[in-house]
């Protein structure tokens, strides 16, 4: 067994627990022995070469293990995963152990050179890359089959042997972060650098984008208020507002690219090499040799994957889209019933009943979105994508297509089939406000309340233990292992994407959409900060250079918004009055304006550089130095060979 690590033991001062592994109760000892041996074994023997200690409590339970690593092991791991750190000359370079002295704040006795989040990311990377070699099954569980190349951690999780693996919070650092982040209500920027140091770049980029998007919405909200108050029915006055909206949507997305590149360069992730991405933990196949890297890794036929995508996943998605349209038609039947009821009764109650179908439909939309999300995750995992980026791209595509149709199909139907602008305004306002309220409740308020109740129960239980020992570590782990799991920024970006659609697609019909979006996002910043620090386990840091496929999703939405707003303006009575004799002239004019606006959008996207000039120069300089170093290495090799 691994060396005992009890809250009563204090002799092992150098061991710093970073990651917690929880086995299922009653897990066989031979299984734990085998897995912990693989963790501590040398890399050459297929191990991770990490440190493991069981957390032994008074009742003798040993189903929780703490994982750490020596300072040297973390430094070598930083080189393996390609972390980028700041050098003494203020440049950003990929860390290598051989050149460690050239990096700022590095010292052999400085164990804070790597942040705790970076250490946890390295350990997670090593654990996920533990793969079976000659084993046919998990020892002690003959039904849990293994084959060469299978992820051991993945098999232990799916077999129920392993309950969870999570990163441990640093309570002192978390307290400081909470105070500077949301401890007091203030008007100002978020501490993004501190968020990045604690939670990693992916979480920090989301909060940076949320903050930026909220500030970017303020001009739309300020302009939208007078348009709503003074020009409700005059669609010709909305032409300028809609045009501003369309140009605004392009500018904010292009400016965000520049802001994002500045942040990620400062954090080092803009330079991280991603060409040879490791296989994702859920990827399985026969163990083979990667022809590019020469490393052993699972191999799976791309033809089998394509068959699964086009013969199973695609038909399933189409079936779900059809079901979504069917539910939408039921909603319109309810709308007609509410309208007939109001015409018959003409009372305050009947007036309120007009909003009931939209509210019910908004709730149904949220429920369908969440159910479909689980199905999409299962299908995408079953497709067996090799890379995490490929998995995320296919998952995002599935979810976005369904969510776009589910949330916006009724609005398009009202606008372009029923031609009912009053119902469109009512439906848009109801869907937007209801979805925001439901998301705030489901994602923040409810989890926070449940977590608070559990924390009170856990503290009572810990206080009942009769011991003089320091219970802080045991108490912390027992509290954190019951906390909810943060599954990444997917749902958060999806919420912003749908909000962006509500604001941009029908801006000339409901200018107040931006106002409600700003109010929601201000509360969203605080509620999301609260859930990250108080509700969820600490997520593992994930280095990233941008918001990924979501940038393309937002840009696609802005293009659709051009077409939608141009058609809505072309449908207005004021614009129709300009073409009393020929509808074809109206259609051609609207198409011309739409093409002109699209051309302006693409020209602006081309003219505005994705990276500021100084960042471009720094990147070019690093590339030049890398080429020069490679040339010198080749010359030295040639000279050595010639002397021989």
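Using the three backbone atoms N, Cα and C, a Cβ is placed for every residue, glycine included.
Any TrEMBL annotation is an automated prediction that lacks curation.
Checking TrEMBL for transmembrane segment across the ranges 373-394, 395-416, 417-438 points to 395-416. In TrEMBL, the transmembrane segment annotation falls on 212-232 of the listed ranges 149-169, 170-190, 191-211, 212-232. Distant neighbours of the transmembrane segment (238-256): 209, 212-213, 216, 219-220, 223-224, 227, 231, 500, 503-504, 507-508, 511, 551, 554-555, 557-558, 561-562, 565-566, 568-569, 572, 597, 600-601, 604-605, 608, 610; these residues of the same chain sit at least 6 beyond its ends, with a Cβ under 8 Å from one of its Cβ atoms. With a threshold of 8 Å between CB atoms, the same-chain residues lying at least 6 positions outside the transmembrane segment (309-332) that come near it are 357-358, 360-361, 364, 368, 372, 375-376, 379-380, 382-383, 394, 398, 401-402, 405-406, 409-410, 413.
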